[in-house]
């Protein structure tokens, strides 16, 4: 009787053990996934993926590309959180998308902060709109430029900005905001400086090659003036950290020096005429520039060269116009040109034949 009772007990034990083994045996994943293929998720899930797709398809050439991308990603993450919480009850999906949503919102806030309208002081607005805005300098970068190591100073009429052979050129760089200044050399009037023009751009360019120099001209306020002044040393360090702004300054200073050379040719040039200057120089300006270069390069004394240039420019209107070669300094050796015969010209092998352009 005991043997008959033990047989069903053994059978039940084996059956229980096999059922446990079956429960531990892994089920092929294809069976469960294929069964889930027929399930269609809620509409919120699909709208979230549409938001992701639209955000990734925004062209990078669009001005607000990054802002629109972050908006669409944030909207998609929000819909994912709603879908995982209300329709799927998936805690892990909700947590991950909440993290992604927070990251996108932080980045979106930073982008909107950078795009905020930057307020430029009214007194500096003219300088920005005339000099820096046409060169696509952002307002925030201009504000950084004018907000550090920079101050606005005032000069009354008759006060001196710089004195020749006394004032150092290594201290500052300035832009005239209001008024008018007069530049002279040894009592000779050279030109005027008008608003939105650099006051000491030639000196700034010269100090990049030679340090410790003095002003060679005297600059006096011809009216009540206000000007924007940078510390030369700190401005140089700042421009080294901003390559784009460094190139902008190189261009603006070079253009300002060119305008001052135009003013040397016509001292009566006013601010309105300066705005209308043509890119190409007139014949009179070319002659004046040639005289100045020849005078400076041919004279051992800078003062004699300037006097020669001033006398030549003042008498240009009264004297008959001659060729640039005739007005060259006597110390400069003229270019020797071969005399051509009617038929042909023979030139020695060591000689250089120069043809004069019409």
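Placed from the backbone N, Cα and C atoms, the Cβ positions cover glycine too.
Fair warning: this is a prediction, and the values are worked out from it, not measured in the lab.
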(message) From Swiss-Prot's topology annotation, check whether residue 140 and residue 48 share a side of the membrane.
(response) no
(request) Would you mind telling me which one of 263, 295, 313 Swiss-Prot calls phosphoserine? (result) 295
(message) Looking at 71-91, 134-154, I want to know which stretch Swiss-Prot calls transmembrane segment.
(response) 71-91
(message) I'm validating the feature mapping. Which of 93-113, 156-176 is tagged transmembrane segment in Swiss-Prot?
(response) 93-113
(message) Can you identify, from 49-69, 196-216, 217-237, the stretch that Swiss-Prot calls transmembrane segment?
(response) 49-69
(request) Tally the residues of the region 'Required for interaction with KCNK2' (136-186) by DSSP class, grouping H, G and I as helix, E and B as strand, and everything else as coil. (result) 9 helix, 22 strand, 20 coil
(message) If I take every residue in the region 'Required for interaction with KCNK2' (136-186) and average their pLDDT values, what number comes out?
(response) 90
